[in-house]
Amino acid sequence: MDYLWIMIGSALGGAARFWVTGFVAEQTGGIFPWGTVLINVSGSFLIGFFGSLTGAEGRFVVGESARLFVMIGLCGGFTTFSSFSLQTLNLMRQGEMIRAGGNIALSVVFCLLAVWLGHVVAVAINQMKGA
């Protein structure tokens with residue numbers, strides 16, 4: 001049954017990624033892969049937040065299937081290291097070394113910050129009294 005939850009989460013995450021990247025490309029002109037940056041940063045926040053909120057010391061108890069659905073399925077289908085890599089390679093092949101370097105720097109720094117921030121927010125919620 002876990003595989004089914006992972007597959008459903010992956011399908012939803014992939015569909016959301018397709019929509020968000022297309023929407024962002026329309027808004028920004030597609031000169032820089034802002035959609036992929038947004039996807040990976042927000043997905044990093046979500047996995048850090050949900051993982052810490054529902055982990056062993058988390059405030060919310062959810063079943064392992066729910067964690068698999070969100071963390072492996074949804075986040076796995078939503079975020080995309082392969083698209084980031086291909087877009088960076090294409091920028092490099094086009095001679096856009098500054099943009100390629102910017103994509104690498106933005107993605108790595110902001111994704112690490114986002115996963116940390118998601119964890120910090122979840123820890124703060126976990127430590128709240130009541131509720």
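Each residue, glycine too, has its Cβ placed from N, Cα and C.
As given in Swiss-Prot:
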TRANSMEM  4-24  transmembrane segment
TRANSMEM  30-50  transmembrane segment
TRANSMEM  68-88  transmembrane segment
BINDING   G76, T79  Na(+) binding site
TRANSMEM  104-124  transmembrane segment
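T79 (Na(+) binding site) carries neither a helix nor a strand DSSP state and counts as coil. Under 8 Å from some Cβ of the transmembrane segment (104-124) lie the Cβ atoms of residues 36-37, 40-42, 44-53, 58-59, 84, 88, all in the same chain and six or more residues away from its ends.
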